[in-house]
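First the structure, in the form of C-alpha cells, and then the observations on it.
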C-alpha cells in the first residue's frame, strides 16, 4: 500500500480508478451469475422435494386400489398383493428421496446462499461506504480551495485543514477495506462455485448407493415375478384381441341388409312367451297433442316391464294376464299395436321397428295374456293359439272400423245418400265437419319446388311432375293458344285432403282448419305466387324465376269458392284418382287448396267459372262465338276481363316470405 504522503497522488490517479472499475465489473458479473446459479440449484432442490412428496402420495394411492369396489374385479387378488408390495417399496424409496433432498439443502443450496449473503453483500456495502467517503473528501477539498489569498483567517484555515485531513483518513480507511474485500473475493468465488457441486454430487452418490442396496437385495426376485406376470397377461390379451379381430371381420363381411330395419330374413316365431327390445310408446303431452318416446320393453312372467335410459332396473308397466292386444292404424306410423287391460281402463299404443318385431310382440303378448307361461308345455299351447295371433296381426283400417262400429251407420251402408263428389250424409241434414274432412288430416303449409324440377324446367325440353302428382303437359301445350289468361297475386296458405268434391262447405271447413292450424303453430309467413287462370288449367308460378310450381287441369277443379266474410280468401278442390292394379280407375280422392289474394276472391272465382264456360263452349262453335261477342277481347283475340292484378314490383326480389293478413 502507498505511504500516506503518496496517498493523495495514488488514490485519485486515473490508473487507480481504472483498475478499481475492472474489479467492480468482475464483482457485478459474479453477483448476477451467483443469483442465476442459485435459482437453478433451488429448482433442483424443489424438484427433489416434490419427488419425495409425489412418491409418498403414490404409495398411498397404490394402497387405495384394494378399497375400490370394481364391478368387474375378477382376478384382482394377485394385482392387489403386487400393488401392496410396490407400495411398500415406493415408501422405502420415498425415505431415500427425502434424505437426498435434505442433503441437497445442507450441502448445495445453503453454501451458495451464504456466499451471496455474506461475501457479495459485503462487497456491495463497502462500495457504498467508499463512495460516501470519496464524496466527503471532494466536498472538503472544494471548501479548502476557496480560501482567500489575502486576509487569511487562521482559524478557518485550521478548521478546513482538519476537515480535509479527516476526510482523507476516512477515505483511505474505506478504500483499504474495499480493496481488501475485492482481492479476497477472487479466492472466495472459486470455493463458492465448487463447494455446492461437491455437496450435490456426494448426496447423489449416497442416494444411488442406498437405492442399489434396496433394489439388488430386496427387489430382484420380486421384479422378476412381476415381469413374468405382465408377460402372461399380455399374451392372453394378444390371444383375445386376435379372436376379437376375427369375429369383427366375420361380422363386417355380412351384407348391408343385416343392418337395415325391416329386412329380417328369419321367419316370425309365434310361440314366444318372452320378448325384449326397443319400442316406441305414444304419450299424451296435451289435450290433443301426443309424443313418441323410444324405450326398452321386456316381459317378465305375466308383466310388461319398461327400463328407461340410465335406469338400473326396469319397472312394471302393465299386467298382461287376460289383457287384449291388437294391431291398430295410428297416425302415419307403421307397425303399431295396442295393449288393453282386462278392465279396459288402461291401454297403450306401441310401435315396433320392423314387421317381424311387430308380429312377434303381438304374438308374445297374446300368448302371455292367455297365461300359457304357467302351463307345463307353453310352446305346445302357443302353437294352438297361433291362429288367434295371426288374426291379431292383420291391421284394421279406418274404413273397416267405421263399417263395423260407426256412430252413423248410414255411411257404411250402400243405401246411404251419396253427395256429389263422394261425400255421403243423411238427406236434408247439414254436413258435419267429420263428413267433410277426416279428423287428424295433415296440412301442407307451403309448396316447395325441388331443385331437380327447377333444373328440368330450365333445360326446356324435359317434363316434370309437380309436388301434388298432377302433370302440366296439357297445360303447357295449350297455354299459348288459350282464349283466357288472367294472372292474380296470391299467397298459398295450405292444402289438405278432403272427403267431398262438389260441396262448398268443404272449402269453408278447409279454410277454417288451415287458419286455425297456422294460429296454433305460430305460422304466419307465406310465399308470394302468381295464379294464372287459363281456359285449360290453373298454374301457380314463382314470381322471381317464372317457374311453374304446380298446375291443375281445369277439368280436375271440381269446386271453388271465396270466403263469405273475408273476401280475400278463396279456395278450390281438385279431384284425383287412386289407380288400382291393371290400370283400372280407382276411387276418387279430393284435395282442397286455400289462398289469400291481393284482390277480391270473387274475381278469381269468376275467372275460373268463365274458364269452365269457355271449355264447355268449345264443344259448340256457335256457343263459343256467342260467348266471344258478349265479352271484350284483347288485340290477340283473348278475353279481356280485369286490369292486370300483378304490378311490376311483384316480379322483383323481396316478395318471398310475406306475412298473411288472414
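Numbering starts at 1 and runs along the chain as it is shown here.
Placed from the backbone N, Cα and C atoms, the Cβ positions cover glycine too.
Quick caveat, the model's predicted, so the values are computed rather than measured.
Here TrEMBL gives region 'Disordered' for one range in the set 328-361, 362-395, 396-429: that range is 396-429. Note on TrEMBL: of 294-316, 432-454, 455-477, the range annotated with the feature region 'Disordered' is 455-477.
For the domain 'PID' (488-546), the number of residues in each DSSP class (helix H, G, I; strand E, B; coil) is 17 helix, 26 strand, 16 coil. The predicted model assigns the domain 'PH' (272-370) a mean pLDDT of 87.
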